[in-house]
Amino acid sequence: MAAQLNVEQLEVSLDGLTLSPDSEERPGAEGAPPQTPPSSAPGNGLGSGASGQQREPGEAAAEGAAEEARRMEQHWGFGLEELYGLALRFYKIKDGKAFHPTYEEKLKFVALHKQVLLGPYNPDTSPEVGFFDVLGNDRRREWAALGNMSKEDAMVEFVKLLNKCCPLLSAYVASHRIEKEEEEKRRKAEEERRQREEEERERLQKEEEKRKREKEDRLRREEEERRRIEEERLRLEQQKQQIMAALNSQTAVQFQQYAAQQYPGNYEQQQILIRQLQEQHYQQYMQQLYQVQLAQQQAALQKQQEVVMAGASLPASSKVNTAGASDTLSVNGQAKTHTENSEKVLEPEAAEEALENGPKDSLPVIAAPSMWTRPQIKDFKEKIRQDADSVITVRRGEVVTVRVPTHEEGSYLFWEFATDSYDIGFGVYFEWTDSPNAAVSVHVSESSDEEEEEEENVTCEEKAKKNANKPLLDEIVPVYRRDCHEEVYAGSHQYPGRGVYLLKFDNSYSLWRSKSVYYRVYYTR
């Protein structure tokens, strides 16, 4: 009786599975139902857990186990091994709490667990069990009843039996499935986030490299542009210095004498004035040079167009005369048709004279004039008013010419002029004539247009004779309107030879106003 009580109170833990047999259900106890072998129990839900003699060996059994594993994976949402692990964990946690399996069910759980871990029962390798070890004998008997059941079938039977004993297994597995799905979603989201961050990082890196390359290219282009501009500036500065040196060598004496007259005894002011005059002379020279280049280009283009239009219809002799008559010469920095030079196409009478007497001596090259301005217009006009002969009135529509013969002891002519309130046209010409009178004279004419109209009324023969007797005339400074009412206009020119300078004050464009001109001319050696 004592042995029976000890057995009834026995509670054994085998491989993590606790076995606590009840007195009512233990085999051999009074009032307990007879134990039936698990393999012959109908409707126990084990299916493939029967003895190996009832299974068909070979490929049919393997295919059946694989098919069962696929069905369970589809139903539970986990692979067979993962599902078995969840079921085993659920059994260990919930046994005796959420459900209370019977003694036979516990033996079945232990046997299936052993079948999964160790495979079929082998009496040669299993330790001996004592005669009084009731649980050990029951466990060995249950394990041996599984026969050659495969590991997969044992896991399937374990899950089925546990689900039959405790329906909460479905909720437990479902919660883990949801957790697994959430974890998978989080994993995918994290992977996508890392991928996006990596792509964004690569994109930003590429953009940064692109911006860096563009910046380097831009800096290189800017540096090249700055270098080119600096080289161009140095070249222009060097060219300017060369041109100014050449111009200053021509005008050094005139500017020095002019500055000495303006600021006698004040060397510093003289040097300042000379530098201003040299700079103005350079600017004027460059402006005239650009005008000459533009005029030459326009003349060449016009000549080319005329030759193309008229070349096909003119005979050979006419072509030669036309080409000779359209040649232009650059005199004093201005492009003009030299109608009175020995290089022009001669009139018939002049041609006969050249054949009989031979060609005339060629005229010397005329130097370019120097012109500048200075702002002391009020002091200049007050000084000029002291000499009444130095103030002339040019009436509306008139052209006043001041004739200044060259002086035997002089080599440069200087002029200065200003007006009261309005501008006036001004130009300088040189007449190749030996004037016996060295005094300055003033001549008034209505306008140059009237002279041209008078010349149109005479015949060609009379015009040719008149031109033959007329002295040669060269333009030094073309007639342009000057703002001499705002500042004093001054200039100088080197004598090209013996002759007469013609200073023209042109008011022919004014229909209503007369102009008062304050002027002064003098020569230097």
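Heads up, residue numbers simply count up from 1 along the chain you see.
For all residues, glycine too, the Cβ spot is worked out from N, Cα and C.
Among the features that Swiss-Prot reports, N-acetylalanine is placed at Ala2, with the record citing similarity to another entry. Per Swiss-Prot, region 'Disordered' is recorded for 12-68, 180-226, 319-346. Swiss-Prot lists Ser13, Ser20, Ser40 with the feature phosphoserine, giving similarity to another entry as the kind of evidence. Look at Swiss-Prot and you will find Thr18 tagged as phosphothreonine, backed by similarity to another entry. As annotated by Swiss-Prot, compositional bias 'Low complexity' applies to 52-64. The coiled coil annotation in Swiss-Prot covers 169-254, 448-470, and the record cites sequence analysis as its basis. Positions annotated as region 'Q domain' by Swiss-Prot: 238-305.
Averaged over the region 'Q domain' (238-305), the predicted model reaches a pLDDT of 85. Helix, strand and coil content of the region 'Q domain' (238-305), in residues and according to DSSP, is 64 helix, 0 strand, 4 coil. Summarised by DSSP class, the composition of the region 'Disordered' (180-226) is 47 helix, 0 strand, 0 coil.
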